[in-house]
Ligand SMILES: Cc1cc2nc3c(=O)[nH]c(=O)nc-3n(C[C@H](O)[C@H](O)[C@H](O)COP(=O)(O)OP(=O)(O)OC[C@H]3O[C@@H](n4cnc5c(N)ncnc54)[C@H](O)[C@@H]3O)c2cc1C
């Protein structure tokens, strides 16, 4: 087994539980967890890794259900070597592990408006992969380029065409790991930007279960398939509304619940398994389809295998 694995500078751990690395706090272990020291370490590791071994990148797990049987893959999670943030004019470059909130704050201090990132609880790699967004702005509206390491261990630069941004999705090639991204924002007054971010945080806390174990919006907004991936193209039909109409606000399965506060948020109320959460999500999809004919599409990424029988 170990013969298939290169010896990296960073940390490689066998059988690492992923539950405590995700917001929902569920899921089995990864065969291996790799925390690369820097880009070169990651590139060398992927170059030398048996091409038959699957690779999965994770950020801070704020959009993930890892199934109870875990992930047969090398899970790559970036840390300290990947969280630098630099500002040059109106462009902000951040490592994949930099938290969206830190990027927004650092940009605002420099008079650059990336305030939309402030309330998204993920890191930069996940934000690019998911075309994250809120309050009328998506990553696609601000994206300049990203650095990534391919599964074959090549360091490449990706532009917007490579990623083909769409509503909450991109075309990142299988096994490709984003290591850094550059965004551009318009100029703004630092104090005004800070005040806007405070207001957004307050609004969030009033309307979403931000203190609970969730992964944000469970399903994409049904008509929100903007063709360009930019916010100004998106439609208005909301997932929470069709879930409400189907009578599923507050519905439960085991330890999983559709939040009474925001019906598109799936909550681990304590002892939920990944199977409870996914099962409840599928029940919601079924009820919504029966009620309105709308097929909800998962926004939460679900990965790994179910627990053995
Ligand atoms: C309370 C709450 C509120 C939220 N609000 C919003 C919101 O307003 N708008 C919004 O868009 N999202 C929202 N989310 C969802 C989530 O925060 C975003 O999707 C976020 O961008 C995910 O980032 P992450 O680092 O947690 O990625 P993860 O959840 O770890 O991973 C998500 C996906 O990105 C991939 N990925 C992660 N890092 C990399 C990388 N370095 N290279 C390649 N692929 C990678 C993973 O493979 C996976 O497919 C919310 C979540 C919560 C819990």
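Including glycine, each Cβ sits where the backbone N, Cα and C put it.
Remember, TrEMBL labels are computer predictions, not curated facts.
Per TrEMBL, these features apply:
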- 25-188: domain 'FAD-binding PCMH-type' (DOMAIN)
- 168: active site (ACT_SITE)
- 202-214: compositional bias 'Basic and acidic residues' (COMPBIAS)
- 202-230: region 'Disordered' (REGION)
- 215-229: compositional bias 'Polar residues' (COMPBIAS)
- 217: active site, proton donor (ACT_SITE)
- 299: active site (ACT_SITE)
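Distribution of TrEMBL features across the structure.
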residue: 168; record: active site; DSSP class: coil
residue: 217; record: active site, proton donor; DSSP class: strand
residue: 299; record: active site; DSSP class: coil
Contact set of the compositional bias 'Basic and acidic residues' (202-214) with the rest of its chain, CB cutoff 8 A exclusive, min separation 6+ beyond the ends, reads 23-25, 119, 259, 261-262, 265-269
Model confidence over the domain 'FAD-binding PCMH-type' (25-188), as mean pLDDT, sits at 97
Residue 217 (active site, proton donor) and residue 299 (active site), compared by Cα position, are separated in whole Å by 7
Rounded Cα distance in angstrom between residue 299 (active site) and residue 168 (active site) is 7
In all the protein chains shown, the tally of other Cβ atoms within 10 Å of the Cβ of residue 168 (active site) is 25
Counting across all protein chains, other CB atoms within 10 angstroms of the CB of the residue listed as 'active site, proton donor' number 21
